[in-house]
Ligand SMILES: Cc1ncc(COP(=O)(O)O)c(C=O)c1O
Ligand SMILES: Cc1ncc(COP(=O)(O)O)c(C=O)c1O
Ligand SMILES: [Mg+2]
Ligand SMILES: [Mg+2]
Ligand SMILES: [Mg+2]
Ligand SMILES: [Mg+2]
């Protein structure tokens, strides 16, 4: 079997050693004669997985003790509702930084429950924001990495005493963040963590259980997850099991500090080429260039199509850009090996040469 | 590797041929050089899986065209909220038949959103209910199979023009039901369908999109799933892929009609033994005995413990009864082979003999 290079924005490439381990023990977890997907969530086998997974995440992200780690279903999209439903307690008002499509969806949900102040940013650039004097809002919401636009916050804004909430879906565990700067961090698993169907929520404990609205669904209340250790109902056991293996892989590799270095190296390879190339380009402001999602383009939509089609045939998968932006996008999550980026750049060079020749 | 017999109530045993197929193609789905868990939900590969899964379910359950099939996260527990939030539209009133622990949890959620009339039933017996003259309620809710108590409805009550909603988590696809009798059927996947993290909702189309409350979270609105073919956000792709394989397995075996026969045979083996045995017994009224979940007991909690411990050592897993009921419980879902039940009964016979001898 040849392993393809998978540039999907999510679900996306995962570490090969993890996949191999899952395959190997799929029919009999720890010699039990049962698959991990058949094992009761109330068993010691699974409770141990759950505990170890949380511990690994705490270790890798350096999560302080006064933060809770929740395992939730419904994707990051359900957090778009759960955040306002749990956090709008004093002012019924929130403040959202609109940096793109996912932020817009988060805003649309928040508007159902209270007043929302929106700070709009240009699509390719996130200016430095002064938010430290903000007040009379329950929280500030940002999207640390914008999966579709390929931008990231160059630095995390200081919001003083107002809790900062971050959608970190597409760059959690890819670079170091100081968890203490945040009130809530949430991330859909299907990029740097594991299979789709799991969302991780890291929440400062004083923000839990503040909403006493009796119409808050039990499954949408952070307190439910805190009180039950995310076992109020059946959690997505397979996803958590794979998350554990991915975190073990990351720890062995040297943790977040080390993967950040590698991710910077990988991204630089592609950005440098895009800047040199006379055919391909990136529109993103240099300060805000995402390490994870790199949209790029040519000036011809016909060449784009040709590129995507030839790349796919050559084993470079899912390079088509998001439908709202067009062009191409290469997602370089933690599990994308540097060789994948090198191979892609070399393929792009060849493509450019060919294109130039047929134009001569 | 010896395969164990897994009597867990969920997550639970799955068909071995399915597990073997998953293992075989885990590193490279359809020769793509990518794992199924790495593949984009927006790809043709996955869209095809989604379509085929829905078609197979429609075929196996004989689902009429005016019913929609939704793939939702959050488990059956999230449906406890979604049902009232979507269906309380005319009378703000619902009618719940309380047949046990799961029904109680469903009732507690419904009470957050409107008035709830509750019909209580004894724990071991579901009397025949006359609900055909019910009116001025938005829906009637039942639990077709009570996973913890081991009871099932002997027949589905006629609710006239009032939509009947059924939590079918623990017996969907295990016996034939006429979908047309229901307004909504929902079921967590982790018993007869696949891994935990997926919930199937089958809803009559006129019941969708009726709640115009602007505070209904997008992810909790049935209409969101209908309009986007359950692809509004990233669905739990691995769970749906396995669901497809499980449905293919069931179809090949002869479908629901055939598995119902087998399930009746399996359950009869255990019930007959329980009735003959002077040590073990079932408390459930003969008319309401579940085919899927069979709680049983001895008169000594010490013997119970001994039984569970010896059974586990002998490779019969997860026979401990639910903490709210005590004793033992054997779940005999579709994927439990008849040989598993025969082996269990023979083990119980031996245990009884030994117990009698040490008492002589
Ligand atoms: C930044 C960001 N937020 C939210 C989402 C939505 O995630 P989900 O599909 O898990 O709801 C995505 C999905 O790609 C994302 O990239
Ligand atoms: C009948 C019934 N309803 C609801 C549930 C809750 O399901 P979930 O854990 O998927 O929320 C269960 C779980 O076993 C069940 O058996
Ligand atoms: Mg905990
Ligand atoms: Mg250029
Ligand atoms: Mg459909
Ligand atoms: Mg008896």
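Using the three backbone atoms N, Cα and C, a Cβ is placed for every residue, glycine included.
What TrEMBL says about a protein is an automatic prediction, not a curated fact.
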Name the residue, out of B:89, B:147, B:151, B:215, that TrEMBL lists for the same pyridoxal 5'-phosphate site as B:76, B:77, B:102, B:167, B:190, B:233, B:234, please.
B:147
Cα-Cα distance, maximum over B:76, B:77, B:102, B:147, B:167, B:190, B:233, B:234, record's pyridoxal 5'-phosphate binders, Å:
31
Quick note, residue B:191 (N6-(pyridoxal phosphate)lysine): same-chain residues at least 6 apart with CB under 8 Å of its CB -> B:9, B:10, B:12, B:147, B:169, B:170, B:171, B:172, B:292, B:331, B:333
C-alpha spacing of residue B:42 (L-glutamate binding site) relative to residue B:102 (pyridoxal 5'-phosphate binding site), in angstrom
35
About how far apart, in whole Å, are the alpha carbons (Cα) of residue B:42 (L-glutamate binding site) and residue B:234 (pyridoxal 5'-phosphate binding site)?
9
By a simple count of other Cβ atoms within 10 Å, which of B:147, B:233, B:234, the binding-site residues in the record, is least packed?
B:233
Other C-beta atoms that fall within 10 angstroms of the C-beta of residue B:76 (pyridoxal 5'-phosphate binding site):
28
Neighbourhood of ligand 1 - recorded positions from B:76, B:102, B:191 with Cβ under 6 Å:
none
